[in-house]
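Right, one structure below, let's go through it.
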Amino acid sequence: MSMEMKNGTNVQEFTLEGFPAVQHLGKILFLVHLLAYLASIAGNAVIVTITCADSRLQTPMYFFLSIFSFFECCFTSAVIPKLLVFFLFGKQTISFAACFTQAFVFVFLGASGFLLIAVMSVDRYLAICKPLHYTTIMNLRTCCLLVTACFALGFTLMACLVVKVSQLSFCGPHVIPHFFCDLGPLIHLSCSDTRSVETLLFVFALCVLLTSLIITITAYSHIVVTIIGLPSAKERQKAFSTCSSHLIVLSLMYGSCVFIYMKPKQVNRLDSNKEAALVNTVVTPLLNPVIYTLRNKQVHQALRETRSRMKI
């Protein structure tokens, strides 16, 4: 049975609009975003590599960070290459199947990433607030189960959502006012009654983002209370510096996604969604390696030793 018969659509491909208002700056924007993309991929790849190569970094914290970095590489690679093509050539077409594949990969990795952030926050809470029980609770089996749960829950929720959206009818127009296939703009293009699908998108986004946010805020609140109780002013300053850096990046991630997804009605916000999506797909993946790991002394030591071995 053809895709057209399955979803009752006359549209076999979509046109991604990109950023027509700044197309005259295409080459400059291409260079800026290419450098940001390469830096993000390189930074996250370094984290994955040294975590696997250095035995001292094979702890729960770095295990989660390496998985998160792998997520970030896949997440940005699902979107940014198409964005770079936009800046060079303008509007691009994408087939119906490819569009929904991209939409699924994007929301699956995004949802799984937010769930993993909650797990990482709990890991930091246990390490700082419950150090005597930390190694017993966060063993390898528990870490693997938590990561698997993030994958499984993200996959199940987002697969149901994307399948539901793909079953809508698309009779035209076929121009998506975005630089990648996101679910909100796709729902807006449908000529079906989309109220139930929009509600489902809102509910799933609420479940993933709000659950992750509550867990993260609770964990960091306990961490801050523990930090305040530290006897050394230098230790407190160092800990607060690290926590504040984490919270800045988390605020950007949660803020942009709340703005995009956690409102039932998508129609009047599609243009502003593009700018918010750039924060999540370009800015935070670039900052994460610096904030989470590359400022860490253990990582610096591992990088120096790796460079020394390569020279030998």
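Placement of Cβ uses the backbone N, Cα and C atoms for every residue, glycine included.
Here TrEMBL flags 28-50, 62-89, 95-122, 143-165, 200-228, 240-262 as transmembrane segment. Residues annotated as domain 'G-protein coupled receptors family 1 profile' in TrEMBL: 43-292.
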Sequence-distant residues near the transmembrane segment (95-122) by C-beta distance (under 8 Å, 6 or more away from its ends) are 3, 9, 11-14, 61, 64-65, 67-68, 71-72, 74-75, 78-79, 82, 146-147, 149-151, 153-155, 157-159, 161-162, 165-166, 170, 176, 180-183, 186, 204, 208-209, 211-212, 215-216, 219-220, 250, 253-254, 257, 280
Highest Cβ pair tally under 8 Å against the transmembrane segment (200-228), stretches 28-50, 62-89, 143-165, lands on 143-165
Rounded mean pLDDT within the domain 'G-protein coupled receptors family 1 profile' (43-292) lands at 86
